[in-house]
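Enquirer: Encoded as structure tokens, here's the structure I'll be asking about.
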Amino acid sequence: MSRRAIRDLWRAGIVLVLVMMVPVMMALPGVVHAGDQISDEQARTLLEGLDASGFEAKGEAVERVAASTASQRERWLQALLEGRLARERRGDHFYIITDDGGREWPIIDAITLEDVGTGSRRTINTITINNTLRTQIEGALAAMSLTAGDVKARLAAARALVGTVDAISVARVEDTLAEEESLAVREQLETALALHRVQQGDVDALETLRGHLDTRVRNTLVPLAEGDGELASEARGVLAGIERKREWHQRVQTLFFGLSAGSILVLAAIGLAITFGVMGVINMAHGELIMLGAYSAWWLQQLLPGQPGLALILAIPFGFLVAAAFGIAIERSVIRFLKGRPLETLLATFGVSLILQQLVRTVFSPLNRAVASPEWLRGSWQVTEALSISYSRLAVLIFCLVVFAALWAVMRFTRLGLEVRAVTQNRDMARAMGVRAARVDMLTFGLGAGVAGLAGVALSQITNVGPNLGQNYIVDSFLVVVFGGVGNLWGTLVAGMTLGVLNQVLQPWVGAVLAKIVVLVGVILFIQKRPQGLFPPRGRVS
Amino acid sequence: MSQVCTGSSGAGGVRRSMGHLSDRTTMLTCAVLVSAAVLVVGLNLLPSDHALHVGDATVSLLGKYFCYMLLALAVDLIWGYLGILSLGHGAFFALGGYAMGLYLNAQGTNIDGWQAWLGHFPLMALAVVLAPGLLALVFGWLAFRSRVTGVYFSIITQAMTFALMLAFNRNEMGVGGSTGLTRFSELLGMPLNSHAMTVALFVASVLAVLLAFVICRMMTTSRLGRVCIATRDAEARTRFLGYRVEHVKLAVFVVSAVMAGIAGALYVPQVGIINPGSFAPLFSIEVVVWVALGGRATLFGALIGALVVNWLKTVLTTEMPDAWLFMLGGLFVVVTMALPQGIAGLAASMRRQKGGAVHE
Amino acid sequence: MSETLNRLRDMARPDRVFDFMVPDRSPVDVRHGPILYMEDVTVSFDGFRAIDRLNLTIDDGELRCIIGPNGAGKTTMMDIITGKTRPDSGQVWFGSRHNLLRLSEPEVASLGIGRKFQKPTVFEALTVFENLELAMAGDRRVWATFMARLDHEGRARLDEVLETIGLEAERDRRSGVLSHGQKQWLEIGMLLMQRPRLLLIDEPVAGMTEQEMHRTANLLNRLAGQQSVVVVEHDMGFVRSIARHVTVLHQGSVLAEGSMDAVAADSRVREVYLGAEEERHA
């Protein structure tokens, strides 16, 4: 490999990686808050109230705790709710059990919150509660969060209030609403109040609930809508509106799922679109190059324990290079000797894929490995009650689009891209004009392989990493490329997204497996109808 | 000027430019097959403490090899002579196998519905032929009519078998889901694990290979065979001569699929199980390497290839299981790069060098 | 434009494949004169007139050479005759009964018009004999092909063609090992097996040795009389050696017609073609 060749490949790689770093560079710092202190003596008194005999007395004690300024009050109530607040059998220490599996429970002091060893059924007594008390504690905890400083916590608390507001707490909620500044929190509180009022028979309050997607709203309205009267008929109207809106949101959700599933297909296929579509090389080992990319991500994570985010970011260039190196090795050692014999290339590269699979099995393990997701890829963004977008899926979608854009830019604007297009269109002419076709082949293949590696890195966030990872994608990838029209990057994008969405749309009707079968058969039939794919290549000079 | 003859009405004898040689190949192959079968059955009849005794398990294993040889013949017919690389022949094999599996399943048990119909031997035999045959007919008709060729055809056949694998994995199909069909007891009133049954199935497999070989040989040495080769090497030109290339392809594809289906049907009672694994793309592509190793477009090469690779597989997967995939993968690479004509081609060139009589 | 239309038309009939183009005897009526008759044929591509009011008549059994500089419209003319290209206007008749403009490529072929393209394509894995056998007229259906046996008449016909193209000695050799010239003759032989009435041959001697050229000239001369033969050729020496009648095309229409000597003496021809040729050689 010449020096210039290496430089070109590096450049292509760097362009790809740089562009892809941007969306990854987002990490959110956490927020910590603290309350005022009270004395240990006051704290003990409060706790003793909770251990009073009789649930009514306990209920009063809960109110006292909630009204106090003790910094530990949330821990106490939470522990009480979960049956993990305990009192020493012989003495008046209070403990919180941190793990109640097994016989010896690790405990901490309820007041100092320090680790004090273990306790068991013989040494400590857990404080019991009943259902009424449970509801009360939940309400108190929610109300406590409502007045806490953090908007996030207040929002969560307000959300928890929906459907639980009763005659006792309504006044408190109204007070909080008057003081609340955050619009999102206000909205939740208003919903909670409106729901309460509707239950009391207030028809006007229904207006507030119109188009509200919360399942609790629906659950409350469904019994009200049965029967006659103004309230019932109004409620029916509101419910119908909610249903329509929910369906619409679910359609958006399906579209999103489809696009993210499609972007996985596109990622897996886009490298093939280059090696197969542009170069005409059938690389059955493409799936294994994806697998190698995924293993690169896994391996880096083993090297950098406890830093999944950093490992993932580093895995992007690393996975690219590992897969590209393997790809170039395959091109140099096998593919270039089989030029112009596509069926033989197919068989030989399939052999390579078997060897790579077994290599991974022997070197690592035949078992699947899980790659941890960094903090900022976990969880999801709850757009509305019926529409939630998980960060990992969103990240894959963005990653796919970025990779696509980068690849397109490489093909469009770099010297390598120009030479690739020249060689594709007229090999002899390009050679006559001084393009070293063999070198271009090698680099193009390296690029396609590297992109397969990137797909593997992305896949490691979606699914487990194992030796068979690649096999699951090879059939799909080829279909996507053929469906989109060979030699056409845009076609691959459109085809992958289309198949992804189609799959998701079909799934609720026929189930996941059958949906996949239907899509496969559909594509097979489509190819019969239009062997050139969605976007047939324009007349090629040869 | 003489009248133009119409081929079928001609009364003339069989002319062959490669005449006696091709007949010798046929006779030799048939002789080897028959004597191998007689030898195996004879050794099986020896007392079990005899040093040369071949046990029932070995007979079953050899029977399995013969089923694979039939499958390899099917692939060679379509790939070797027409240049159509099907990566989905495992699907036809598996369909034949499932037809047989359902038949065996229905023996001695009370099964309702459509599966009960397959409990009759003639209907099963019909299904063994029709299921793969019809699939090949519809699939091939669609593909060849719209001139899907080369790699594209390979890819969609692979997608086809993949889709079928997913379908047969579903429990709702009623064919055993991912475990497939197993625990068969009897065939035509005879217990499957009996000595006589084992030998009978082995002999049936050998006869099937023999018959298929002769039919393939007849096809490839007829004018149709030469049209196939013409299509493989210059499709447009063949079309220009007035041949309906897609009809030729379709006919050969269907014959090949039916052969694969029969192979599957014979395979199932000897192995005792059929599951969606036979639909796996890997299996179909493995068959291709048997043919490639043996030598394309020779027919007997396919038989040799299937035997050698599967024997290697049996030995390696028990002795050192890790090495098998390395071995298989290496075979793919080595055969395509260093041995494009396979074992048969190697043998031919060695013979030519030895004899020195080169005709070309 | 018309080419696009043609392609569209082709696409609309995906099942239309070159059908059996081999009847026993082409029902061409030549009692009233020429076997091929082109009148006022015009075709243009994107405004460029490739063929401009072309008139051409070929008599039954004639050997005609068509010469002309690059872009004179020779290949386009052949495309029109074989139905590959549709002209914008004009008439093309095969004998006095068949309007070629109404027929598709395989229909034209089945009437008995054989065309040999410039680049020879034979089935290299098959022997010379087998190549000719495949080209022989007969039932092309799958079962019939499977059952086909060569009878005495067929064998005689094959031997006759083998002799005509001078490849008797190569009969059982794989055609892949033939020389370039031999492949050209074999392909002409394959056309002859289909008993054409009119042979269109595109640059038969391109890439041939002097000796092969000589044999080709003999072959074509022998064919004339039994079939009508139209040869498009660049090589002046070769044309001179076979031509009784030469047509010079220039910018899509006939510039001159007559014996080779008469044509060569024509001043306009010298100017546009021969002159340029001689200058190049000078």
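Backbone N, Cα and C atoms are what each Cβ position is placed from, and that goes for glycine too.
Since the structure is predicted, the reported quantities are computational estimates derived from the model, not experimental observations.
Below, the features straight out of TrEMBL:
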- A:255-282: transmembrane segment (TRANSMEM)
- A:310-330: transmembrane segment (TRANSMEM)
- A:342-360: transmembrane segment (TRANSMEM)
- A:391-411: transmembrane segment (TRANSMEM)
- A:437-458: transmembrane segment (TRANSMEM)
- A:478-502: transmembrane segment (TRANSMEM)
- A:509-527: transmembrane segment (TRANSMEM)
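Tell me what's around each of these sites.
Expert: Residues 289-290, 331, 335, 342-343, 345-346, 349, 387, 389, 393-394, 396-397, 399-401, 403-404, 407, 411, 420, 424, 441, 444-445, 447-452, 454-455, 458-459, 462, 473, 476-478, 480-481, 484, 486-489, 491-493, 495-505 of the same chain lie 6 or more positions beyond the ends of the transmembrane segment (A:255-282) yet place their CB under 8 Å from a CB of it.
Long-range contacts of the transmembrane segment (A:478-502) within the same chain: residues 254-255, 258-266, 268-270, 272-274, 276-278, 404, 407-408, 411, 424, 519-520, 522-523, 526-527, 532-537, each at least 6 residues beyond the stretch ends and with a Cβ under 8 Å from a Cβ of the stretch.
Sequence-distant contacts of the transmembrane segment (A:509-527), counting only residues of its own chain at least 6 positions beyond either end whose CB sits under 8 Å from a CB of the stretch, comprise 475, 479, 482-483, 499, 502-503, 533.
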Enquirer: Taking residues 6+ outside the transmembrane segment (A:437-458), which of them lie with a CB under 8 Å of any CB in it?
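Expert: Contacts of the transmembrane segment (A:437-458) (Cβ under 8 Å, skipping residues fewer than 6 from its ends): 1-2, 5, 8-9, 12-13, 16, 20, 264, 267-268, 270-275, 278-279, 281, 283, 286, 289-297, 312, 315-316, 319-328, 330-332, 335-336, 396, 399-400, 403, 407, 410, 416, 419-420, 423, 427, 430-431, 469, 473.
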